[in-house]
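The active site, proton donor annotation in TrEMBL covers 61. According to TrEMBL, the substrate binding site annotation covers 48, 49, 50, 51, 52, 53, 54. The Zn(2+) binding site annotation in TrEMBL covers 59, 97, 100. Residues or ranges marked as domain 'CMP/dCMP-type deaminase' in TrEMBL: 7-140.
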Ligand code: THU
């Protein structure tokens with residue numbers, strides 16, 4: 001079980017920045033990197049992968065999740081996300097899109113799962129998934145409340 005220490009957050013941030021270098025963005029030029037932490041301390045990286053049919057684009061966060069889930073991971077604690085236009089020098093906080101928040105809700109505990117949005121190693125904002133996706137629709141939402 002990993003505790004989300006400052007050291008671990010910084011490791012995630014560094015890995016999000018290195019993952020960003022793998023971005024495939026011939027259309028938007030907006031490069032995103034993500035680093036996803038499992039409860040037992042493993043880190044999976046992802047980048048955005050664009051497509052000429054724009055809707056087929058995969059965000060960095062989902063690349064990280066899908067890589068991890070393929071490897072058998074199901075339990076996650078945190079994700080760091082960085083993004084900026086290729087030509088820009090400065091980072092702004094890069095919030096995850098709605099589809100990625102929904103994927104986080106599938107695998108993270110909303111009150112616990114931490115979303116770290118860095119501009120640099122020292123300057124980052126943190127939110128829980130509950131804050132960024134309140135009242136989320138999950139598998140539990142489809143369970144019958146009536147005794148069968
Ligand atoms: N993008 C991400 O990778 N993650 C997000 O949460 C927001 C958007 C990517 C998709 C596309 O390649 C580019 O940023 C511009 O939308």
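Each residue, glycine too, has its Cβ placed from N, Cα and C.
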- Task: Could you please provide the mean pLDDT value for the domain 'CMP/dCMP-type deaminase' (7-140)?
- Result: 98
- C-beta crowding around residue 51 (substrate binding site), within 10 angstroms: 12
- Query: CA-CA, which of the recorded positions 48, 50, 53, 61 lies nearest residue 97 (Zn(2+) binding site)?
  - Reply: 61
- Task: With the Cβ under 6 Å from ligand 1 as the test, give me the qualifying entries from the binding-site residues 49, 50, 51, 54, 97, 100.
- Result: 50, 97, 100
- Given the recorded substrate site (48, 49, 50, 51, 52, 53, 54), which additional residues of the same chain have their Cβ within 8 Å of the Cβ centre, ordered by sequence? 24, 27, 55, 56, 57, 58
- Message: So among 52, 53, 54, 61, all listed as recorded positions, which is physically nearest to residue 100 (Zn(2+) binding site)? Use the C-alpha atoms.
- Response: 61
- Item | Lowest local Cβ density among 52, 59, 100, which the record lists as binding-site residues, within 10 Å | 52
